[in-house]
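Colleague: Dropping a structure here in structure tokens format, bear with me for questions.
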Amino acid sequence: MTHLPYIAASYGLFAIMALVFSVGAALRLKRDRIRLATLEQKAPRKAGAAPQS
Amino acid sequence: MSASPTFVARTGNFFHRYANPGQFLKLGARLQPWLTWPAILLTLTGLGWGLFFSPADWQQGDSVRIMYVHVPAAMLASAGYAGLAICGLLSLVWRHPLADLAAVEIGPVGASITALCLATGSLWGKPMWGTWWVWDARLTSVLVLFFLYLGHIALIRAFDDPQRGYKAAAILALAGAVDLPIIKFSVQWWNTLHQPDSITLTGAPTMSSSMLWPLALSALGMGLGFAAIVVARTRAAVMESRIRALLSSPRRRGNAA
């Protein structure tokens, strides 16, 4: 396999790209889901709290 | 003449059925595992088969194994841009709200897969052609595609008013789609160093089935993976726009008071 470095570099680049995008998307989804759930929980409380102030 | 607006309106109604962000989030959440797990399974099978079990080429030797990454990347580079152009059309003609968000998310993924296609092409070209790069019609048209992706990414974020950015980027996406047939037919129209297509829609493939199967599996797997990443990023973008709306609404109320 004299072309091994070229083959390894090709597969390695793909693996890095796939990992970066899939892990990045999963983390972004998780973070946004948590933030959205927190905000949606707070939103009615704020609406309820407004008349008291 | 009256048939045209009716057709546009009817088609618009069809697309807008799926424009509701809440519905999209539900549909996306249901779709996500059906895209992700087959993508992982098919890509690992296809690439593993191509790397360890498919035969070496009689002329190219083992470097032909780069094909199992390079060819799907090339297909996805063009398919991703076609997706971008469709989003542009949906945005300009039907003002589809999710089309703009999807276009923002397709851009970086498409640009990266195009960069991967160019990089693996160079890694394949060096041992086979003796050079990393030639200004060949196929290579140059794919490089133009990469710059179109970069232009789209830059343009969509270049305006203070996001709507102006979406519109400008949609026009670029549609205009840039002219590069897709040039990429496809470049190896037929010009005398290129890049080999002609081994797989066509009309003719029989010119490669052995022992190479064709792993290539088909990795192409299908990477295609599903591309779709899974775009769907996940678009879901996140929809959630972020909801978060922005929730965060800005009390401020507006405060300003008004």
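Heads up, the Cβ atoms here are built off N, Cα and C, so glycines get one too.
TrEMBL labels come from automatic prediction, so no person has curated them.
Owing to the predicted nature of the structure, the values given are computational and were not obtained by experimental measurement.
Look at TrEMBL and you will find B:34-53, B:73-94, B:106-125, B:137-156, B:168-191, B:211-232 tagged as transmembrane segment. Annotation source TrEMBL lists domain 'Cytochrome c assembly protein' at B:37-194.
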Colleague: Between the transmembrane segment (B:168-191) and the stretches B:106-125, B:137-156, B:211-232, work out which stretch tops the count of Cβ pairs under 8 Å.
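Modeller: The stretch with the most close Cβ contacts to the transmembrane segment (B:168-191) is B:137-156.
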Colleague: Cβ pairs under 8 Å with the transmembrane segment (B:106-125): which stretch of B:34-53, B:73-94, B:137-156, B:211-232 has the most?
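Modeller: Per the Cβ under 8 Å count, B:73-94.
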Colleague: Are there three or more C-beta pairs under 8 angstroms joining the transmembrane segment (B:211-232) and the transmembrane segment (B:137-156), sequence spacing 6 or more?
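Modeller: Output no: the transmembrane segment (B:137-156) is apart from the transmembrane segment (B:211-232).
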Colleague: Which sequence positions outside the transmembrane segment (B:73-94), separated from its termini by at least 6 residues, show Cβ-Cβ distances below 8 Å to it?
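Modeller: Result: 8, 11-12, 15-16, 100, 102-103, 106-107, 109-110, 113-114, 116-117, 120-121, 142, 145-146, 148-149, 152, 166-167, 169-174, 176-177, 179-180, 183-184, 219, 222-223, 226, 230.
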Colleague: How about long-range neighbours of the transmembrane segment (B:34-53): same chain, 6 or more residues beyond its ends, C-beta under 8 Å?
Modeller: 65, 67-69, 211, 213-225, 227-228, 231
Colleague: Over the domain 'Cytochrome c assembly protein' (B:37-194), what is the model's average pLDDT?
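Modeller: Mean per-residue confidence for the domain 'Cytochrome c assembly protein' (B:37-194): 94 out of 100.
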